[in-house]
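Comments concern the structure below.
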């Protein structure tokens, strides 16, 4: 438990990290370092995206599964690591 | 005379007697009298005399002579409609009363004559059917005839047939009309012409009541799901796992108590905080973030090949990559480095201190190349670590030697921070710092075992038996030559201090020990008191001694006397000697070439040699650390990737990439297949050695 907290703190303290959101399987954010409205927006949109991506990977080969998803945009990079019950979203600006 | 004259008589039975016409024969009187006798109750007198008066009397000769009084006597004749032949005493069994009961009414019908005819009543079904069949043509005919009739007056001479036809047609018309009329009206009820009465009655209508019942609607929940190929696959997998679990449970039925205990544990775990489940995911994210942060390093690690090496003939460079540091290890120096054989990106760092005065705690830290900011595992220890070794087959077992002489084994799979096994003063720990540990192959009982060498002069073998370490002294290092001398008066031989050792790659029992006196002993596991060979290696303590990865005869040693020496173990003098101008901390052979090795010195430089290219000089001498005061303490090559890790006395570990020149393979001649594999390397080395030996021999 404490280890997870520490890990999240370390991630937060990395260069360029703008925020971390932990979302549960239903798309409800349970922990976040961003403000409420952004969190809700990110959680909802990314949840759909991840479901779609996962579905794609698994449809091609059911024994395969999504390990992580990176969406790189002009301004920043959104990294999503899905798990069975949760997924973790980190928004980083790598060029900082 | 019997009555022979038979007439069809049909009489309907009824309560009313019917008068009948009787034949006038004399017998009638008899018959009447008989009838009178057989009368059963119904009486209607009829004056037969009156009827007889209508005709003139003809007296037959044998007529009875009766007096006037007798003649006027009225005889009552009762006519009944009873059948004289009908039985009067029919008895039937009544089930209700369970007895035989006489039937009250008996059928009085007597059929005198029977003739089947072919007349049909026109209202019967069959007649109607026939009419229906003839109906259309009949109607048409009638229409036609009607028109004809209208037009023509009845042609009398149109034969009887026509007349008949007319009559028939007329009849037909009538019939048709009557049929039409009849179908027009509702069918009249067929009533009994003699005896019919209509009766009706009305019952009480029960008041209508409405009754209703309402139940609670069944609870509803809306359910939606997708059925993809992978969801189906998942369900099947779960099913299989359940089945396997059931099988296991069936096997482990006697272990019920243990299971209960475990069940309790699992329940508690699931109730704990949800965040623990995120741990794995968080780790992945951390690595991803690190990859982003150090993106250029990651790219270099993978793809960068120094192009300038083409211009530099033989020299190479080292490209610095990640730098690993841990906050809590700041004042400690790196005392041991070891790559993990199975997980090629994982390496272990042992932290402690070489300084005798500054002894304190130590640390065992594991880093992965994927995350350079934070260690994967770290174990704080009470005493400084001096050496470590990761088991080649079981990558989770790590043997550690401490400054205080203990050895310990850590199991990475377990969560706790203490070692799984630790030696203590009871169980034969060393009395001096342990300088080197090495895992060996499992012994006969499949127990893991490892060797350690220490300054107290003992080489000890430790075996992991169940839950403790069992030690066996393999050899006691003593000052050279002192063993054979044992006469009285001579003080007992003092122990030498072992500072490093290495086991031969192929020959299992053969190993080398370097001592503090600067000597290297070649020993065998079998002999516990004698050395196979002793080499006068260095003037100061031998810091590292390593067998060549490919060539079975060659080993290398380094020392604080600024030199690195390469030996052939059959020859007592070194084959190569290199002077590096600073105390050499560590030396390591490369895993990809038998002629390449690297050494680190106390002035912060890394020297890389390739004997195949240049026998006298290093092909790369590069300072690796920023501050010149930091001493480099250890160096290790990665078994797979072209990188080396270098530890220094500040607790940092730097990773460097070898440039292509440093990794050169012999150039292939065009058209010739390049032979690969260890044989090539051995051959390379052999060639080198032979070159050296010849001049030596010639010198000698």
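Glycine too: its Cβ is placed from the backbone N, Cα and C atoms.
Predicted, not measured: the structure shown is a model, and the values here were computed from it.
According to TrEMBL, the compositional bias 'Polar residues' annotation covers B:10-22 (among others).
Per TrEMBL, compositional bias 'Acidic residues' is recorded for B:39-49 (among others).
Under the heading compositional bias 'Acidic residues', TrEMBL lists B:163-172 (among others).
Annotated compositional bias 'Basic and acidic residues' per TrEMBL: B:174-189, in sequence order.
Summarising the annotation, TrEMBL assigns compositional bias 'Polar residues' to B:190-202 (among others).
Per TrEMBL, region 'Disordered' is recorded for B:1-56 (among others).
Annotation source TrEMBL lists region 'Disordered' at B:126-202 (among others).
The repeat 'WD' feature in TrEMBL is assigned to B:535-568. Beyond the repeat 'WD' (B:535-568), the same-chain residues lying 6 or more positions past its ends with a Cβ under 8 Å from any Cβ of the stretch are 497, 499-507, 512-522, 574-591, 594, 597, 599, 611, 678, 681-682, 685-686, 689.
Helix, strand and coil counts under DSSP for the compositional bias 'Polar residues' (B:190-202) come to 0 helix, 0 strand, 13 coil. Residue counts for the repeat 'WD' (B:535-568) under DSSP, split into helix (H, G, I), strand (E, B) and coil, are 0 helix, 20 strand, 14 coil.
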